[in-house]
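Visitor: Please see the structure below; I have some questions.
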């Protein structure tokens, strides 16, 4: 009787093991087909197979459905469906699902904005070692729920520990400026900037370049090191890094003066949104410096700089309109330059208005 029972038990366990093995393979098969279809842009087929995987308990399938409905890939955007699929995935300890869920609560998409729900979802993902969720928790405690600076620092630190460059950079700024209620520490600021820059954060490389260029934060002036960091920042599409390199070449500061290189760096920076670089291009076109003199291009670039908030660009643009006998535009642009804080623009505005 005991032997017979043992045989039944062994056969039962074998059957259960085989069934579980086959069931797992079926899940993986669904997921594999779905992922292949998704990569090829066949979202209809991908959705169908992700649903099969999700229904069979494969959390990745649920997460992918959340992504599909959140972004409207092959279907209309449906945040409510995305929310439900992310919830299912998060309940199964899928960190990407928790991250997606946190994002919807954070932004109030498909549901009422709820920072506490966002915190709960992000916190679970953070525990599951999801760097961006830790970082987003830092953002919430830093900027959205006031009076939680210590929590913000804690989660920025966790994201940095997980090699999230943005988290390291924010901590660098905090220690350099004494923000987030931390004790100002140049030493710590440099350590965090260095890590962030090694992780290819352009802002951090730009910050290091400035510190070495000016001998700030207890660092000795080292123009060669500064140049290298600024060059890396520019290569990482940081407009400030490119703008600084442009200034170096324009003025011949620490490098041989080279107006053409200066112009090229200013153009890069301007195209990335550096207002002052657009204005400097305007000046170079107005003077014919490294480029043929072209007042139309000068005006266009001053206008770009002014539109992005550079008071010098506004002042120069207003001057061009004045010289073109366009008093109305000159007054309007001087007024803008004045509001941006340029005293001379205010003085010229007063003269043009006659009071």
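Along the chain as shown, the residues are counted starting at 1.
Backbone N, Cα and C define each Cβ position, glycine as well.
Quantities reported herein were computed from a predicted structural model and do not represent experimental measurements.
Marked as signal peptide by Swiss-Prot: 1-22. Per Swiss-Prot, repeat 'TPR 1' is recorded for 27-60. Residues or ranges marked as disulfide bond in Swiss-Prot: 54-62, 90-98, 126-134, 160-168, 197-205, 234-242, 270-278, 306-314, 338-346. Among the features that Swiss-Prot reports, repeat 'TPR 2' is placed at 63-96. As annotated by Swiss-Prot, repeat 'TPR 3' applies to 98-131. Taken from Swiss-Prot, the feature repeat 'TPR 4' covers 132-166. What Swiss-Prot lists as repeat 'TPR 5' is 202-240. The annotation repeat 'TPR 6' is assigned in Swiss-Prot to 245-275. The repeat 'TPR 7' annotation in Swiss-Prot covers 276-311. Here Swiss-Prot flags 312-344 as repeat 'TPR 8'.
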Visitor: Round to a whole number and give the Cα-to-Cα distance in Å for the pair residue 270 (disulfide bond) and residue 98 (disulfide bond).
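Guide: The Cα atom of residue 270 (disulfide bond) is 38 Å away from the Cα atom of residue 98 (disulfide bond).
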Visitor: Name the one residue among 160, 197, 205 whose Cα is closest in three-dimensional space to that of residue 346 (disulfide bond); these are the disulfide-bonded residues.
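Guide: Closest by Cα distance to residue 346 (disulfide bond) among the disulfide-bonded residues 160, 197, 205: 205.
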Visitor: Spatial neighbours of residue 197 (disulfide bond) among the disulfide-bonded residues 90, 126, 160, 168, 242, 338, defined as Cα within 10 A: which are they?
Guide: 168
Visitor: Around residue 338 (disulfide bond), how many other C-beta atoms are within 10 angstroms of its C-beta?
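Guide: I count 21 other Cβ atoms within 10 Å of it.
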Visitor: How long is the line from the C-alpha of residue 306 (disulfide bond) to the C-alpha of residue 338 (disulfide bond), rounded to the nearest angstrom?
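Guide: Rounded to the nearest whole number, the Cα-Cα distance is 12 Å.
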Visitor: I'd like to know which of the disulfide-bonded residues 54, 90, 98 sit within 10 A of residue 126 (disulfide bond) at the Cα level.
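Guide: Taking 54, 90, 98 one by one, the ones whose Cα falls within 10 Å of residue 126 (disulfide bond) are 98.
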Visitor: DSSP on the repeat 'TPR 6' (245-275): how many residues come out helix, how many strand, how many coil?
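Guide: Summed over the repeat 'TPR 6' (245-275), the classes give 21 helix, 0 strand, 10 coil.
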Visitor: Taking the repeat 'TPR 3' (98-131) alone, what is its mean pLDDT?
Guide: 99
Visitor: Measuring CA to CA, name the entry from the disulfide-bonded residues 98, 205, 234, 242, 338 that ends up nearest residue 160 (disulfide bond).
Guide: 205
